[in-house]
Amino acid sequence: MAISDALNKRLRARRDEEEEEDDFEDELLSDEMEGSEEDGRSNSDEEQEDSNSDAAESEEDDDQDDEQDGDEDLSDAQSIQSANDREAIQSEFRQISFGALAKAQNSIGKKRKRGAEDKSDTRTDDKKPSSTLDDIRERLRKAREQKLGLTNNNNNNNNQNNNNGYHSKPKPPPRSSKHAPAVQSSKVAVSRKRTIIEPTTVKSRDPRFDPTVVKSSSSVRRNNSSAENAYSFLDEYRASEIKQLKEQLSKTKDATQKEELKRAITSATDRQRALDNRKREREVLQEHKKKEKQLIKEGKKSQPYFLKKSELKREVLKKKYESMGSKERAKALERRRKKVASKEKKDLPWARRGMEN
């Protein structure tokens, strides 16, 4: 019974203290939450009545338990005390108003924010030593660069850029060793000089490639007539050359020199004869083209007729004999007859030996 009385006294003292604290908190919050306290008070009165009834019932139960369990150990008393404490705490929570809860929640949020700020400050303080390490590393790196001479070059380049007003390209880094291959840019500086007016140059003139004579390889035939007219004096030179060779042949008595002069005369005459034949061919073709064009204009033909090689050769011979005199024509015909006869004899088969007898 003595233990139960002591426990009851302690519980009552605690309840009185808690009621005093609740009254003090209610007085503080009465000015701020007047409207909300009316509903809270009605709820709190009901909760207080319930708590009082629960307390009375708990006291009766405690008395009965004390009478029945007076001889229990101290461990049982402690368990009872903890249960009573829980019930008291629950009753206290029931008596707290909503305004007090809202105010407490706001105060807890502010405390949390202050705690986060304190944590961030501590984190920055933790980072400070790492920043000092970075500073030390940066100083070491700068010292190494100064040893290599990079910092001086960069400073000079920066000064030049600031003075000139534009940024120049940084110099390439030095080689790792003297045996390393040298790096050379493939870019070549373009000269700033520009030729606005080209100077007049003396060009050599070659008549073989003169545009007045030959414009292109495809237009050689068209320009032959103009070339012949331009170099017609060469025909006179050739004729005079043949005449001089013949005079020398008549005057010389040396056999070897005569043979050389005869060969020179025959080569010159053959060359002249070939040029004359080409000239006749061109004349025949020009005459034929004119006739065909005239017939087409008159409407007698729709398409031109192109001569064959055999027909062209026949027409050239015809024109050649027409241009000759009677004596020259007879001589030429005789030479031609002999030439054809010799060819026919070569083509004939060999005669048999028995046929001769």
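Placed from the backbone N, Cα and C atoms, the Cβ positions cover glycine too.
Keep in mind that this is a model prediction, so the values were computed, not measured.
Residues annotated as region 'Disordered' in Swiss-Prot: 1-229 (among others).
What Swiss-Prot records for 17-37 (among others) is compositional bias 'Acidic residues'.
As annotated by Swiss-Prot, compositional bias 'Acidic residues' applies to 45-75 (among others).
Taken from Swiss-Prot, the feature compositional bias 'Basic and acidic residues' applies to 115-147 (among others).
Per Swiss-Prot, the feature compositional bias 'Low complexity' maps to 152-164 (among others).
Per Swiss-Prot, compositional bias 'Basic residues' is recorded for 168-178.
The compositional bias 'Low complexity' annotation in Swiss-Prot covers 213-226 (among others).
Annotated coiled coil per Swiss-Prot: 238-348, in sequence order.
Only residues 6 or more beyond the boundaries of the region 'Disordered' (269-300), in the same chain, are considered here, and those with a CB under 8 A from a CB of the stretch are 224-225, 228, 235, 238-239, 242, 307, 312, 315-316, 319-320. Swiss-Prot lists 269-300 (among others) with the feature region 'Disordered'.
The compositional bias 'Basic and acidic residues' annotation in Swiss-Prot covers 270-300 (among others).
Across the range of the compositional bias 'Basic and acidic residues' (320-333), the DSSP-based residue counts are 12 helix, 0 strand, 2 coil. Taken from Swiss-Prot, the feature compositional bias 'Basic and acidic residues' applies to 320-333 (among others).
Residues or ranges marked as region 'Disordered' in Swiss-Prot: 320-357 (among others). If one looks beyond the region 'Disordered' (320-357) by at least 6 residues along the same chain, the residues whose Cβ comes under 8 Å of a Cβ in the stretch are 277, 280.
For 341-357 (among others), the entry in Swiss-Prot reads compositional bias 'Basic and acidic residues'.
Helix first, then strand, then coil: DSSP counts for the compositional bias 'Basic residues' (168-178) stand at 0 helix, 0 strand, 11 coil. Across the range of the region 'Disordered' (269-300), the DSSP-based residue counts are 30 helix, 0 strand, 2 coil.
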